[in-house]
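As written in TrEMBL, here are the features:
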{"type": "TRANSMEM", "residues": "204-223", "note": "transmembrane segment"}
{"type": "TRANSMEM", "residues": "229-250", "note": "transmembrane segment"}
{"type": "TRANSMEM", "residues": "335-353", "note": "transmembrane segment"}
{"type": "TRANSMEM", "residues": "373-398", "note": "transmembrane segment"}
{"type": "TRANSMEM", "residues": "410-431", "note": "transmembrane segment"}
{"type": "TRANSMEM", "residues": "463-482", "note": "transmembrane segment"}
{"type": "TRANSMEM", "residues": "494-515", "note": "transmembrane segment"}
{"type": "TRANSMEM", "residues": "539-558", "note": "transmembrane segment"}
Amino acid sequence: MAIAGVDNEAGTPLLSKTVDGSVDYRNEPAVRSSSGGWRSAGFIIGVEVAERFAYYGISSNLIMYLTGPLGQSTAAAAANVNAWYGTASLLPLLGAFVADSFLGRFRTILAASALYVLNLSWFDEQQGLGLLTLSAMIPSDCKVTNPLASCSPPRFQVIAFFGALYLVALAQGGHKPCVQAFGADQFDEKDPEECKAKSSFFNWWYFGMCFGTLVTLWVLNYIQDNLSWALGFGIPCVAMVLALVIFLLGTSTYRFSIRRESRSAFSRIGNVYVAAVKNWRLSASVVADAEESLGLISHTSSTQFSFLNKALVGTSGSSLDELEEAKSVLRLAPIWLTCLVYAVVFAQSPTFFTKQGATMERSITPSYKISPATLQSFISLSIVIFIPVYDCVLIPIARSFTHKPGGITMLQRIGTGIFLSFLAMVIAALVEMKRLKMAADYGLIDSPDVTVPMSVWWLVPQYVLFGISDVFAMVGLQEFFYDQVPSELRSVGLALYLSIFGIGSFLSSFMISVIDKATSRSGQVSWFANNLNQAHLDYFYWLLALLSFIGLASYLYFAKAYVSKRINTL
């Protein structure tokens, strides 16, 4: 059944809407052929390329700026980077809530983009990327080249920098979940061909995102390390202006959606939980009578989290659809929790991996050294190379055997990525052990400013494994949390996926602080000493490898018991 309607986000007239809030494109071929699909998705992926260029232009080299111009210790800088990453990954929950409950995804994207670039008036109070550039222009006596230097930059510079940094986090909190959900909305999941295209969209979305990151790491990091931090932070501002222009150019091609009913999904799901708590004293027989009267079939989906079935009882009892919505959200919790260790591992590449690279031989030519942060480009490069192979070769082969749109299930894909991240940490620990041995053999234990005669290319395998694991786990998590939440909460679903990495970054920051304090007692050398030749990052990596193995085992247990929202997707 279709009902007439006008889009609640952009005011665009649409010929028909289904009762579940999506456009019925099968009944209106004219609307379907003139909107959505890969044409609209192309604009949105272009926006993501520009936005990620801006975001990673700030984040990828952040630890070098904190330990250089801002004069922080390695442990303090790593903790600050992780805390910022955590905040930036949790704020999408706020942005998604605003989008799904009030503004809609389209308007939220516009507002977030405006906040990103709200710095163009020099005479107004500087905000966003403009303030970040301004803070980087303030002179500082701290140098990146001496890791043991003790200095104190102007207090205003520190306040301005961190204020700008968290404004950027707030902006991307509204941008990140909404753009991706809006892109996936351009494909009709009821159409078999568009359903396959939507699965590919998540792959090519990540491809575009990593392409933007790759350009950042090769271009902006060089500018920041060798030319100017102010210029290196200013270019991302221009990139965000470009992202906003690209997004607006595609407005006439986008598919929009309307809210399904007057009550929001948050309200419906919340009422189920509240009603279940109020009815907790009810006997099983009363609940069984309510289930029978509503025609609830006894199968795995209905028996799982059966305590919520008490919400069906009473004059204001929840409907079966509302009950299933509440259960679908609750089912995500074990998967979310067991992926936290993967997020902790993920947090190491822009921090300690970068600091390791800074101590090693980085010369490409006698006059050119590769930036330590540029090593992160091997993660993006491996993703950019592997995604076309995965989407165009591996998925079709797997699809011919499994007959699933994605070739393998989303949960299988995530599990593969977690396993690869475990291998990456094992390799990282072995490489760090070799680096420490080389430093000892050449008498460099007390000479942190002298380059360890070990090529930085030894770090490439762990970066490449990180990249391939991302293709499996990261993209799998994106598709999983988009697919398994109620259709009205898809921005929130993607925000939940991002929150895994937010909490993971906070956990990483907490672990670093605790371990640093515990291992530096009684005059001992911390695992994270400023002099990495005396530190023991290898111990930390072995600890993370152990935690990854435990996390993988837990994930496999809960994934096996997971009940899918849809048939043939997991």
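Heads up, the Cβ atoms here are built off N, Cα and C, so glycines get one too.
Those TrEMBL annotations? Automatic predictions, nothing curated.
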When only pairs 6 or more apart in sequence are counted, do the transmembrane segment (373-398) and the transmembrane segment (463-482) reach 3 or more Cβ pairs under 8 Å?
yes
List, by number or range, the same-chain residues at least 6 past the transmembrane segment (410-431) whose CB is under 8 A from its CB atoms?
335, 339, 341-342, 345-346, 348, 353, 458-459, 461-462, 465-466, 468-477, 479-480, 483, 538, 541-542, 544-545, 548-549, 551-552, 555-556, 559, 562, 569-570
Quick test of the contact rule: Cβ under 8 Å, at least six residues beyond the ends. What residues does that give for the transmembrane segment (463-482)?
180-181, 184, 199, 202-203, 205-206, 210, 332, 335, 339, 342, 346, 349, 353, 375-376, 378-383, 386-387, 390, 406, 410-411, 413-414, 416-421, 423-424, 427, 490, 493-494, 496-497, 500
Pairs of Cβ atoms less than 8 Å apart decide it: which stretch in 229-250, 494-515, 539-558 has the most with the transmembrane segment (335-353)?
494-515
So if I exclude everything within five residues of the ends of the transmembrane segment (204-223), which remaining residues of that chain have a CB under 8 angstroms from its CBs? That is, six or more out.
41, 45-46, 48-53, 56-57, 60-61, 180, 183, 231-232, 235-236, 371, 373-374, 376-377, 379-381, 383-384, 387-388, 391, 467, 470-471, 474-475, 478
